[in-house]
Amino acid sequence: MWDYTDKVKDYFFNPKNAGVLAEANAVGEVGAISCGDALKLMLKVDPTTEIIEEARFQTFGCGSAIASSSALTEIVIGKTISEALALTNQDIADFLGGLPPEKMHCSVMGYEALQAAVANYRGEEWHDDHEEGALVCKCFGVDEGMIERAVRVNKLTTPEQVTFYTKAGGGCLTCFDAIEQVLARVNEAMVDEGLITAEAAYRVGSVDPRAMKAKQQPKELRQPKIDIDQVMAARPTASATPEGASPKRTISILPERAPSTLPPISGPRPAAPVASPLAPSKPAAPKMTTLQKIKAIEAAIEQLRPFLKADGGDCELVDVDGDTVQVKLSGACVGCQMASVTISGVRERLIEKLGIPLKVVPV
């Protein structure tokens, strides 16, 4: 897990200015739920003074995305449009006391949303400053213009930093060569402009993409295999569930007691053995057929629906593709800033019931 400042945690657990702003006359939308991050920023601007009087947001993403979006609204309220445009993603991160390098793309998303909102207020079409046809990363829809801007604004000098700030290269890495070329070219120009030193500038071939790929693998995706082996080897025959038997599967800042309307995964410890939620109750259990898996997932979701409906929301199964479970949120769950918490809770419950790692994606 990454280290977060107390301010980041506060702005996640107690987000300021979350929700819809009906009187907004400046709206900016960036990202995509399919890519894991999306933000809608709404501003109420005084037409005479161009001072931002109110700001609200709706976001889908991790805890850093919620905290960054909330922080952005606090920063811009009271500023003029021109003053707001002078802000950078680093200003958002600094306001929060810093973000982990791997989460800087959340502050970049806020910066992009602000640019889009101002363009909307002025009646302009926002093009992200991206060059048409210069798509670099297909996995996350990042093109050359966004990478160039992130490199310049934040003085990035490694492909890994580019991934942290833009998510480009965070998937299959087939775009690594293109990222290298853009980074090296922009760094060379920055050296000529005196923005960075020649020694700091990136040179093509300086980083092995295979080593970078291995380094980028989230700990949450590697650690459970080790934990499961340890749990299964030292499994007690009675009562207590081994400490650490439920390794975190998310990349957000949610602690074990994160606010959620979902029922706890584990109730009071019973006298009978409690299986690890990431492993089947029998180590040698046969592999489930697709039909069996779908039925088990449907049953698990049905158990959760009453708790969601109690808060005016709902969740239903849409499709199962391998280890990816597609669900549809409805009612109060749609647009809720805690939607990521709901998805996380659904995933953990499915893992507990099926005993296999699953990915839950809202559609």
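From the backbone N, Cα and C atoms, a Cβ is placed for every residue, glycine too.
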Per TrEMBL, the range holding region 'Disordered', considering 54-82, 228-256, 257-285, 286-314: 257-285
For the [2Fe-2S] cluster site built from C137, C139, C172, C175, further residues of that chain with CB within 8 A of the site's CB center: V136, K138, F140, V142, A168, G169, G170, G171, L173, T174
Fewest other Cβ within 10 angstroms of its own Cβ, chosen from the binding-site residues C62, C137, C139: C139
Local confidence of the prediction over the domain 'NIF system FeS cluster assembly NifU C-terminal' (297-360), expressed as mean pLDDT: 79
Nearest-integer angstrom distance between the alpha carbons (Cα) of C137 ([2Fe-2S] cluster binding site) and C62 (Fe cation binding site): 21
Binding-site residues listed as C106, C172, C175, least Cβ neighbours within 10 Å: C172
Candidate nearest C106 (Fe cation binding site) in space, where candidates are the binding-site residues C139, C172, C175 and distance is Cα-Cα: C139
Nearest-integer angstrom distance between the alpha carbons (Cα) of C62 (Fe cation binding site) and C139 ([2Fe-2S] cluster binding site): 18
